[in-house]
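I have placed the structure first, in the form of structure tokens, so that the comments after it can refer back to it.
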Amino acid sequence: MLQNENDKRKNDRQGMEEKMDKLEEQLEKNLEEMQKKLVKMEQQQNEQHSIEQMEKMLQNENDKRKNDRQGMEEKMDKLEEKLDTKAFQEEIEKKVMERIDVTVQTKVDKMEMAHQQQKVVTEKAIFERIGELEGQQKHQKQQGEKETNASEERFSQLQNCQKKLEKEQKQLQKENIDSWRSVFAKYPIVLNKHLSDFFYYEISVMKKEEYWVMFGFAVKQQQNELDGPIRTRKGTYGYDSVGNILINGQVKGMNAEYSYGDGDTVGIGLNLTSRQMIFTKNGLHLATSGLFDSSFADGSFYPFVSLFNSGDKIEANFGPNFKFDLETL
């Protein structure tokens with residue numbers, strides 16, 4: 001894309017230079033014609049007044065040529081500046097997306113490792129207990145048929161114990177897996193008035209289970225709270241799947257029509273100039289909220305996503321092709 005922009009810029013500059021050359025050639029022809037007219041007038045009239053008028057016309061033509069050339073050069077400089085700014089913004093967005101992907105994958109790997117370790121420990125405890133009870137059962141059977149009823153009762157206890165352990169194992173696995181987890185961008189999105197005063201991104205919900213999903217922006221301090229819900233903490237700005245809009249950790253707006261789930265695409269954007277946030281759903285503009293907290297005064301923002309259930313899955317999109325048309329703002 002950057003190469004295409006550079007080629008386009010070279011072609012535009014070459015076209016302008018060709019137009020300037022043609023303009024200079026035409027001006028030179030006009031100058032020659034006017035010089036011929038001046039000679040003719042000198043020959044016919046030999047009046048100083050007519051000569052001065054022709055000289056003035058020649059001077060005006062030269063001034064006009066200089067002004068035209070200067071105007072074209074200014075347009076070319078503005079075009080180059082605009083192309084450089086757009087390429088820089090696209091490079092920043094690409095790096096942010098790559099860093100967030102790496103952070104999410106690292107978090108998932110750690111959760112899977114912890115789950116496997118807990119599973120091994122629980123299974124070992126179950127097998128040890130079963131071995132103990134089976135040994136007791138075998139010893140009791142050897143004592144004779146008089147103890148048959150007691151042996152059967154203990155075998156039943158063994159089965160009940162095994163079921164209880166399996167139930168506890170499932171509950172423990174669920175507690176280890178289903179809990180709040182948050183992931184942040186490693187580096188912030190820095191808004192610069194001289195480059196761009198607006199940043200926007202979207203997430204698509206691929207799969208959502210029974211609990212909430214939340215995304216948005218947060219201040220740097222919240223990166224220490226990855227293993228918990230950060231939706232109610234100061235410095236958090238976002239939009240959750242129930243339909244709550246949160247400003248600085250407080251619910252500022254709730255609408256059932258704003259809720260989202262499987263198959264929905266939702267977005268959030270920040271405007272540095274107006275200090276406002278916009279919220280979108282499936283390509284539609286839902287709401288606009290104001291920012292009043294000084295935490296964002298330095299213009300640094302960390303995109304984040306918070307999930308509760310282990311089966312939740314989302315995809316982030318940092319542009320440039322969004323479901324919501326930014327040109328409608």
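Placed from the backbone N, Cα and C atoms, the Cβ positions cover glycine too.
Small disclaimer: the values here were computed from a predicted structure and weren't measured.
Look at TrEMBL and you will find 1-40 (among others) tagged as compositional bias 'Basic and acidic residues'.
Positions annotated as compositional bias 'Basic and acidic residues' by TrEMBL: 61-82 (among others). Taken residue by residue, the compositional bias 'Basic and acidic residues' (61-82) breaks down under DSSP into 22 helix, 0 strand, 0 coil.
Per TrEMBL, the feature domain 'B30.2/SPRY' maps to 122-323.
Positions annotated as region 'Disordered' by TrEMBL: 1-82 (among others).
Annotated region 'Disordered' per TrEMBL: 133-155 (among others), in sequence order.
Secondary structure of the compositional bias 'Basic and acidic residues' (1-40) per DSSP, as helix, strand and coil residue counts: 39 helix, 0 strand, 1 coil.
For the domain 'B30.2/SPRY' (122-323), the model gives a mean pLDDT of 76.
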